[in-house]
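Shown next, in structure tokens, is the structure this report addresses.
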């Protein structure tokens, strides 16, 4: 896992945009972001049991898997949003980036590849994109029924109870 401040210079969202300012795993933890490198799927199963993740599915994000909607979908994943539940992704193959906001509203880019697992807390502003290989296969874990409901960042979303809880726990 590599994490760094995102360089906001123009260019394709799938490029590294590495500003040269690294972010440590402890910095990510201070934002509520948990990272694990887990080569054995049975260890993912154990983590899922420990954290109460009862359901899962797989998603393959690539032009071959998604066809003509690929570009539209990748752009929609890159819209800044939050969820009202944890977002847990285990990379089975390929590579991609999760971007999260830090305490100063700067983007932190987290590069993930095969066997990386990330847990984003409910209420954190984030976005996702593949890298320039345009391919990632991920296991998505859920505490309840599988759902993926993004709430795109708009005026007033900071008043969302999950966002307020996140801010009080990690940003205050």
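The backbone N, Cα and C atoms fix where each Cβ goes, glycine too.
As written in TrEMBL, here are the features:
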type: BINDING; residues: 81, 83, 87, 126; note: Ni(2+) binding site
type: BINDING; residues: 81, 83, 87, 126; note: Fe(2+) binding site
type: REGION; residues: 1-21; note: region 'Disordered'
Shell of the Ni(2+) site beyond 81, 83, 87, 126, same chain only (C-beta within 8 angstroms of their C-beta centre): 82, 120, 124, 125, 127, 150
Candidates 81, 83, 126: member of the binding-site residues with the richest Cβ shell (10 Å): 126
Residues near residue 87 (Ni(2+) binding site) in space but at least six apart in sequence (CB under 8 A): 118, 119, 120, 126
